[in-house]
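Written out below as structure tokens is the structure these notes cover.
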Amino acid sequence: MNAVEQAMEYIKTNNVKFIRFQFVDIHGEPKNIAYPVKAGAAGEEELYDVLEKGVYFDGSSIEGFVSIESSDMMLKPDLKTLSVLPWRPTEKSVARVICDVYTTNGKPFEGDPRGCLKRVLAKFDEELGGEFFVGPEPEFFILKEDACGSWVPADDAGYFDLEPLDGGCDIRRKIVFALENLGFHVEASHHEVAEGQHEVDFKFADAVKTADSVVTFKTTIKTLAAQDGLKATFMPKPFFGINGSGMHCHQSIWLNGEPSFYDESAQYQLSETCMSYVAGILDHAKSIVAVTNPTVNSYKRLVPGYEAPVNIAWANSNRSAIVRVPAPRGKGTRIEFRAPDPACNPYLAFTVMLAAGLDGVKRKLSAIEPVEKNIFAMSEAQKKAEGIESVPANLKAALDELENNSVLKDALGKHIFENFIEIKNAEWDSFRTAVTDWETKQYLKI
């Protein structure tokens, strides 16, 4: 059987009556068109045609896509991603398939975030025989509604706590089972540092599959929380005074089918490729965060304290540096970029991280010496003496860095780059001109 026939067999076996053709906008927010599966020979013929060729949609209302005068677009399903949604009824079930966005002339749409990542990966493969693997650690909060109608942390537990303190153990159990039904290899789940904060870790994979998984992960958790009358949020810093939510990204590149970060004879057992990749990440870090930390709120997390990864340095085990190389060495040697948060569009975030790292490899950059001291405890003068800079303090400063970065501009492509800058500058202006509760409390007495 070909791929379409296999998909039709899966649909029949699982009694699928609706298929969600899913894609994401420039923010990484999932969108979909629900296609009803029809009975009879005519229905089967139509289904085959849709699975093979895709479905048309109007792209003019999708932020960051196209204008109304050129709005017709097509969703072409990646049939490897077809999966029944485990939270929907098993009778007359609902499946989703992740799609690539195409123009009506049959070419990949340059504003499709998934297509953007695939384009950069294809170039990497063509030039260096390269593969990019990512293992993210997205954190999130589970909230409950209090008597005043406010959303507050659903439990009072802390890091690695057990029930009864850990009031989120039941919802995490449901999340793990649902993710496994969706094909995830879940490695661990636990309560995080802050009240109501959680983490569920899943196995690394190639960058496109991992980005698909991040989108599915967030949808699954939000849906299951809502079914229990709770709210799941991936907002980077929902509450003042406690840790925010990050999405540390473990990553490695393979060249010609072999891992490229390990060298038993080298200092720290890290290859020249690894050192140059780290140097590239550090060199572009101030621009990268505009994409990996893309909201005004992201920079409420990226402040000194609360274990925030603001220091542009690398280390072997020191978590106060923005890049860390975890202890295991060998085939699984990887680096960890600690700045990203789960508000990012994973396709675009992985694109800019890879582009930055590969720029370091191509330029044969040398990484500075690792900083194994606690950078959080250093004064600004001490950090300056060590040559340790910080990421931008707000979204606008990060956007200004990105706007002048030709490497990341080329990776994102003209369409996404210009739309991202425009949309995010508008977001910053909206924030900048808003009058906040803090200002009212502080200045109303004047």
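First residue shown is number 1, and so on along the chain.
Cβ coordinates are placed from backbone N, Cα and C, and glycine is handled just like the others.
These come from Swiss-Prot:
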- 14-106: domain 'GS beta-grasp' (DOMAIN)
- 113-446: domain 'GS catalytic' (DOMAIN)
- Glu137, His248, Glu336: Mg(2+) 1 binding site (BINDING)
- Glu139, Glu192, Glu199: Mg(2+) 2 binding site (BINDING)
- Glu187, His250, Gln251, Ser252, Arg319, Arg324, Lys331: ATP binding site (BINDING)
- Asn243, Gly244, Arg301, Glu307, Arg319, Arg338: L-glutamate binding site (BINDING)
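Within 10 Å of the C-beta of Arg301 (L-glutamate binding site) there are 24 other C-beta atoms, taking all protein chains into account. Rounded to a whole value, the Cα-Cα separation of Arg301 (L-glutamate binding site) and Ser252 (ATP binding site) is 26 Å.
Listed in sequence order, Val193, Asn243, Arg319, Ser320, Phe376 are the same-chain residues at least 6 apart in sequence whose CB falls under 8 Å from the CB of Glu307 (L-glutamate binding site). Ranking the binding-site residues Asn243, Gln251, Ser252 by how many other Cβ atoms lie within 10 angstroms of each Cβ puts Asn243 at the bottom.
Among the binding-site residues Glu137, Glu139, Glu192, Gly244, Arg338, not one has a Cα within 10 Å of the Cα of Ser252 (ATP binding site). Taking a C-beta cut-off of under 8 Å and a sequence gap of six or more, Glu192 (Mg(2+) 2 binding site) has these contacts in its own chain: Glu139, Tyr159, His198, Glu199, Asn243, Ser245. Comparing CA positions across the binding-site residues Gly244, His248, Arg338, the one lying closest to Glu187 (ATP binding site) turns out to be His248. Residues Glu137, His248, Glu336 make up the record's Mg(2+) 1 site, and a Cβ search at 8 Å around their centroid adds Gly135, Pro136, Gly246, Met247, Cys249, His250, Phe337, Arg338 from the same chain. Around the Cβ of Glu187 (ATP binding site), 12 further Cβ atoms fall within 10 Å across all displayed protein chains. When the alpha carbons of Lys331 (ATP binding site) and His248 (Mg(2+) 1 binding site) are compared, the span between them is 20 angstrom.
The number of other CB atoms found within 10 A of the CB of Glu137 (Mg(2+) 1 binding site), across every protein chain shown, is 20. Here the binding-site residues are His248, Arg319, Arg324, Lys331, and the one whose Cβ sees the fewest other Cβ atoms within 10 Å is Lys331. Compute the center of the Cβ atoms of Glu139, Glu192, Glu199, which mark the site for Mg(2+) 2; besides them, the chain residues with Cβ within 8 Å of that center are Glu137, Pro138, Phe140, His190, His191, Val193, Gln197, His198, Ser245, Gly246.
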